[in-house]
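What Swiss-Prot says about this protein:
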- Asp156: active site, charge relay system (ACT_SITE)
- His187: active site, charge relay system (ACT_SITE)
- Ser342: active site, charge relay system (ACT_SITE)
- 37-114: domain 'Inhibitor I9' (DOMAIN)
- 125-396: domain 'Peptidase S8' (DOMAIN)
- Asn230: N-linked glycosylation site (CARBOHYD)
- Asn248: N-linked glycosylation site (CARBOHYD)
- Asn392: N-linked glycosylation site (CARBOHYD)
- 376-396: region 'Disordered' (REGION)
- 1-20: signal peptide (SIGNAL)
Amino acid sequence: MTGFLTILSLSLAALSVTNAAQILSVPQGAEVVPNGYIVVMKDDTSEQDFSSHRAWVSNIHHNVTRRGLNGEGVKETYDFDNVRGYSGIFDKDTIKDISNDPKVAFVEPDAIIKQHVFVQQRKAPWGLSRLSNRRGGRNYVFDSTAGNGVWAYVVDSGVDIHHSEFQGRAIWGSNLVDNKNSDGTGHGTHVAGTIAGKTYGIAKKAKIIAVKVLDSEGKGPTSGIIAGINWSIKHARQHGKLQKSVLNMSLGGSYSAGLNHVTARAIKAGMFVSVSAGNDNINSNNNSPASERSVCTIAASTENDGKASFSNWGPAVDLYAPGHNILSARPGGGSQTMSGTSMAAPHAAGVAAYLIAKEGIPGDRVCLRLKQLSRPTIRNPGPDTTSRLLYNGSGR
């Protein structure tokens, strides 16, 4: 009998290892959070199983700290639309134990995400006129609904909500970085101004909600971006705004299965999600969240309808939008000009908010509508890349 029990125990242990969740690697050269990991549970994990798993992880972590090993344990928990997971700081033995739980889908290192922006000299805001005129022009033509009733979640470096561009339509939502409700880089304020500013914005009546996930250097961990998406979905659901919301992420980093997975769930929940393609002049399939096929991935165009030299390209790109020398709001008042796919993505978010208000279409169907309205005018867009440029359908 003893021999039988020994064999059974060994068999169960072998089965556990065989069924262990994959611990994903990050691309070479990616900047990672030391000992930081993201854990994603399988879709069929119940709330009770998830709770039990977290209690078990806490117990493991408690034993680790009792042994004098460093580790912070679980920091953020994600639980929405059957997406359950968490992130934290763990030693390698703990991560190995976690990956052996059959309820875990995968584990991946927590990597650093960065904003996609360059600061350039001041110039006129040509992007607005370009997206409302088939053949160019200097006037911005739009319907008076102008995004009224639509909420825009700016998952970024924060927003100067008191800037006159927002006319009281901007609020702080969540700060996942620090205790400073401010924009340390100017990036998020510029992005928000393009989406819904009174002068520089497309959807001039939309509401801006600041979700701070990037620090004063324009960086943040993947786990923090996921937490920002999680918060945005829950907030929109609580206020009955899921299908009348857009979420913009002008940021990106190395490929992340976890970030792509959670971003896709935001769209499945009913939101429109625009993301920047990246500024490395490479295939955007290598980046996240740009490589997630269900999002609207936006590359950057120039004033003469060319591909911006820095813009990423590839089959993951859905549209081009103005991204070179874009004038918009800056913290503290006034304006500044920036370039990058970070500037292209909010043009798409703004037109998305505009169309949701004007045509009444739900957020998760807007990317298709944007592609239907777009025009094939981009010259030399890149290998296996669309030539279609964002257009608001004004008829001009």
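In case you wondered, yes, glycine gets a Cβ from its N, Cα and C as well.
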List of residues, in chain order, with Cβ under 8 A from that of Asp156 (active site, charge relay system) and at least 6 apart: Gln115, His187, Gly188, Val191, Ala192, Ala210, Val211, Lys212, Val213, Leu214, Asn248, Met249, Ser250, Leu251
Whole-number Å value for how far Ser342 (active site, charge relay system) lies from Asn230 (N-linked glycosylation site) (Cα to Cα): 21
Conformational class of Asp156 (active site, charge relay system) under the three-state DSSP mapping: strand
Neighbouring C-beta atoms (10 Å sphere around the C-beta of His187 (active site, charge relay system)): 28
Residue pair Ser342 (active site, charge relay system), Asn392 (N-linked glycosylation site) - Cα distance, angstrom, rounded: 19
Composition by DSSP (helix, strand, coil) of residues within the domain 'Inhibitor I9' (37-114): 28 helix, 31 strand, 19 coil
Where Asn248 (N-linked glycosylation site) falls in three-state DSSP terms: strand
Cβ neighbour count (within 10 Å, all chains shown) around Asn230 (N-linked glycosylation site): 23
Averaged pLDDT, computed only over the residues in the domain 'Inhibitor I9' (37-114): 83
Lowest local Cβ density among Asn248, Ser342, Asn392, which the record lists as recorded positions, within 10 Å: Asn392
